[in-house]
Amino acid sequence: MAARGKKLINDPNDVVTQFIEGLAETYPCLQYLDGFPEVKVVLRSDVAVGTYDKVAVICGGGSGHEPAHGGFVGQGMLTAAVSGDVFTSPPVNSILAAIRAVTGPKGCLLVVTNYTGDRLNFGLAAEEAKSEGYKVEMVIVGDDCALPPTQGIAGRRGLAGTILVNKVAGAAADACLPLEEVAEQARHAAKLVGTVGVALSVCTLPGQEISERLGPEQIELGLGIHGEPGIAVTEHQRVDAVVTHVVKQILSLETRYVPITRGDRVILLTNGLGATPIMELMIATRKAVRELQLEYGITTDRVYTGSFMTSLDMQGFSISIMKSDTTILQWLDASTKAPCWPAGTDGDRQKPAKVAVPAPPSCAIKSDKMLQQSRELTKEGCILEASIEAGAKEIIRIKDSLNEWDSKVGDGDCGTTMHRGAIAILDDMKKCYPMNDAAETVNEIGATVRRVMGGTTGILYDILCKAAYASLKGIKTVEAKHWANALQASICAISKYGGARVGYRTMLDALIPASEILRERLEAGDDPLDAFVVSSEAAMTGAESTRHMQAQAGRSSYIAADKLASAPDPGAMAAAAWYRAVALSLKSAWCHSKP
């Protein structure tokens, strides 16, 4: 049996918040929002809410990559950093809190690493912030050069090159450029940088068992920063040979991921992944500089070596190479007080480490009278309540199966995440769901899952609920055709923001067949209850069919096809399970409600 990794922590659930507290106590230029545990935001201590007179630059993502991103907050770099739980995208509300805390009239730029959950959460936060009157731009960084170009819609992962993009964006903003120009400078930098990583060990999540994926004499090439497998496993080699391979991969003429050719000048960043001594990083840097000069005729204008974007306690390193030009050098050389940028920082604390989370511009709070009226359920309200309860309980029942499937094709927590959402829905529905109003109830479900689920799954279900709410809003008596329209609207929204379609091995492979059959049976004049049941069978069939699909989206897109065939997509199975439970409950509840 694998042993648990030894960590200098208290509770695994508190590692991120306690890290932030220590960070703010260490560096006087930093504060954090008083919104733990959901809102985990580090911000500059010299920026007051709503008064900042330059473009704010915000980055973030899952924790476990320290010092990214909180360690790069400071004058001349990031204005704020948003942290999720370990390897989990930060929730929308946390991102919104950061935007509200530091964005002034000049607007803000969101720099986002190219992971599905980060794109969705930051994307929805950007849209909500715009609706509140903020000016927001977003730049996606995908600098991974290890993956082949045909890698589905997920695309190239965001790695340590993001740190260089953050420095460029922060310096451009500090120079008082307008939002559009700051965004353009960041996009320009993102196009010029490529990264490849190498691991000697697999990282260990707080409270989890030590992975035995890599043998004592093996190393992994082309890995991500979330513990996912690399592109290839090979025998341990001298570091010079490893660096030669990495540089060749970044500068490959086949992929042409970076526009760098013989005679160009570049910036080199050697990044430790968490447990690599600085001595070994310097040895790798030495070889990389010589390899570029002697083999490619490329001169290094700047060299940065250290731990910038880690993967918890992983042994290994990544190399990032960015094409140099006069403007890029100007931004990289600009002064910054970000504590973990190589320039360092100084100064005394002027303000307390902790400040309050800014409230939204307006909060819709239901009165006690409204909530009381919403609990006096009509027949339709009772049926809706029973159906939601049935769907949530089915997710709770299959939690272990979802986790088992996800352990084979993902990161193993799909069941736990869905279970957390189901439990919260059962709790909230008794307190604040206005069951007599179908649209508002769906909207509240979205708020629940956003609050508790996190990651890609939570944001996708929130988008699903928001789209369904928009479709149902204003309809006094919701009928089967309205639910069919709402389901179709939800599918369109998920596809728009997540990029998935049928055949991509996602929840849509369950929901799209269900939607098509439902509309087909309703248009044919079938009994609506029978139509729902038949469509739920189509959902289950679609979910099962994902065993034979190559993933085109999410972390499964990085897994080999033969490994994916061992299990269906857990997200599709979860969607099919709650949909079928709801359909069967609808028929049962309606039949029992007849006089």
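Cβ atoms are placed via backbone N, Cα and C, with glycine included.
Curation plays no part in TrEMBL annotations; they are all automatic predictions.
Taken from TrEMBL, the feature domain 'DhaK' covers 11-341. Residues or ranges marked as substrate binding site in TrEMBL: Gly62, Ser63, Gly64, His65, Asp118. According to TrEMBL, the feature active site, tele-hemiaminal-histidine intermediate maps to His226. Look at TrEMBL and you will find 382-584 tagged as domain 'DhaL'.
Here the features listed in TrEMBL are painted onto the structure.
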residue: Gly62; record: substrate binding site; contacts (Cβ under 8 Å, 6+ apart): Ser83, Gly84, Asp85, Val86, Phe87, Thr88, Ser89, Pro90, Gly117, Asp118, His226
residue: Ser63; record: substrate binding site; contacts (Cβ under 8 Å, 6+ apart): Val15, Val16, Phe19, Lys40, Ser83, Gly84, Asp85, Val86, Phe87, Thr88
residue: Gly64; record: substrate binding site; contacts (Cβ under 8 Å, 6+ apart): Val86, Phe87, Cys203, Leu205, Ile225, His226, Thr310, Ser311, Leu312
residue: His65; record: substrate binding site; contacts (Cβ under 8 Å, 6+ apart): Ile225, Met309, Thr310, Ser311
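Maximum C-alpha to C-alpha distance over the listed substrate-binding residues Gly62, Ser63, Gly64, His65, Asp118 is 15 Å.
Compute the center of the Cβ atoms of Gly62, Ser63, Gly64, His65, Asp118, which mark the site for substrate; besides them, the chain residues with Cβ within 8 Å of that center are Gly61, Ala68, Ser83, Gly84, Val86, Phe87, Thr88, Ser89, Ile225, His226. Around His226 (active site, tele-hemiaminal-histidine intermediate), a 10 Å sphere centred on its CB holds 21 further CB atoms from the protein chains shown. The average pLDDT computed over the domain 'DhaK' (11-341) stands at 94.
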